[in-house]
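K.L.:
Below: one structure in structure tokens.
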Amino acid sequence: MAPPSRRECPFPSRRFPGLLLAALVLLRSSCSDACGPPPTFEAMELTSKPKPYYKVGEQVEYDCKKGYHHFAPFLTHSICDRNHTWLPISDEPCVKKVCHYIPNPLHGEAILANGSYSFGNQLHFICNDGYYLIGKEILYCELKGSDAVWSGRPPICQKIVCKPPPKINNGKHTFSDVEVFEYLDAVTYSCDPAPGPDPFSLIGESTIYCRDNSLWSDDAPECKVVKCRFPVIENGKQIAGFGKKFYYKATVIFERDKGFHIIGSDTIVCNSNSTWDPPVPKCAKELPPSSTKPPTLSHSVSTSPTTVSPTSSVSGPRPTYKPPVSRYPGYPNPDEGMLNSLDEWAIALIVIAILVGVAIISFGLHRYLQRRKKKGTYLTDETHREVNFTSL
């Protein structure tokens, strides 16, 4: 049997590199003679699927994108030029579609977010004082198919009104015959005269008004008798808020006596449940300042075993010697001030004694000299004679 014949490759291996090089040269020459992908725009797009390369002289068509329309006639195609660039065109004639104009609502205002009615923009609505908005506060310009439309109906501004305020027991409010209250209308409550000795107190806000949400600014107040007990404080006294009876919001201020301090608040107020808030304070006695207690010293006498100590008939602990506090280091000596004052007096007495002694000695010398001068000459009318005498 003859062996199978070997099949030869139509492209010998030695020729393959040459063929590959030729293909690259042809591809390079074809790419250099073509344009790349055509330009893209915000407002318009190609009417056909784009290709990676276009021959010289080849043309592409454009049209406005969805949501845009032709504002004016314009060039809608571009051509691959000989210099391998696209003929310049613009998308400015394609403009956004707009929603229809919405005027300001009665007693309100419509505000464009970006100053335009084109799709994608917003329209905000607000109402004047005394009116509230019924409907959507913001409308959006959206695309519906090929048209631009608003996302809803425009709202309206309705006048703010409140229902009559609630009635209260033991009291009344002004304008009780009015059925509808407008924005910022106000009523004032008051209490009726009480049948007993104590009057009614108005608990809460006396005046309320109609707010922008058609509700009253506060709950209705309450009329009831509020009376707190007479406040009594030991070791202290009342200095403000005197009275025989204490009704709602009565305020009392206390002061402590000397040697005491207040526990609690010195100011209390009668609240709506007839109790003092905070509670009536108390006065506690002030404690003396703490001092360090000196150590106690005790002296004991030891005796020999043969010495028998006498037995005392008095029972109890043995007396111990405690030196005064002034003998410990760091404690002042109570006699120190007395000694200082005595030293001053002693010095003064010594000085006075010296002065008195000097005066006595001076006086004695003076008397002695006077006696010596009395020994002199005695003259008479008849004769002159010298007489020596001694004064007695």
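Numbering starts at 1 and runs along the chain as displayed.
Placement of Cβ uses the backbone N, Cα and C atoms for every residue, glycine included.
On a predicted model such as this, the values are computed, not experimentally measured, just so you know.
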K.L.:
Which of these, C64, C80, C94, C99, shares a disulfide with C35 in Swiss-Prot?
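P.N.:
Between C35 and the options C64, C80, C94, C99, Swiss-Prot records the bond with C80.
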K.L.:
Where does Swiss-Prot put N-linked glycosylation site, among N114, N273?
P.N.:
N114
K.L.:
Of the candidates C127, C210, C223, which does Swiss-Prot name as forming a disulfide with C162?
P.N.:
C210
K.L.:
Under 8 Å Cβ to Cβ from C157 (disulfide bond), same chain, six or more residues apart: give me those in sequence order, or none if nothing qualifies.
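P.N.:
The list for C157 (disulfide bond) reads P105, L106, H107, G108, C127, N128, Y131, Y132, L133, I134, given in order along the sequence.
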K.L.:
What is the interatomic distance between the Cα atoms of C94 (disulfide bond) and C141 (disulfide bond), given in whole Å?
P.N.:
18
K.L.:
Run through the domain 'Sushi 4' (226-285) and tell me, per DSSP, how many residues are helix, strand and coil.
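P.N.:
For that range the per-state counts are 0 helix, 29 strand, 31 coil.
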K.L.:
Just give me the nearest neighbour of C191 (disulfide bond) among the disulfide-bonded residues C99, C141, C270, Cα to Cα.
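P.N.:
Closest candidate to C191 (disulfide bond), judged by Cα separation, is C270.
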K.L.:
What is the interatomic distance between the Cα atoms of C223 (disulfide bond) and C270 (disulfide bond), given in whole Å?
P.N.:
15
K.L.:
Pop the Cα-Cα gap between C228 (disulfide bond) and C162 (disulfide bond) into the table, whole Å please.
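P.N.:
A Cα-Cα distance of 38 Å.
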K.L.:
If you run the three-state DSSP split on C99 (disulfide bond), which class comes out?
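P.N.:
Once the DSSP labels are grouped into three classes, C99 (disulfide bond) ends up as coil.
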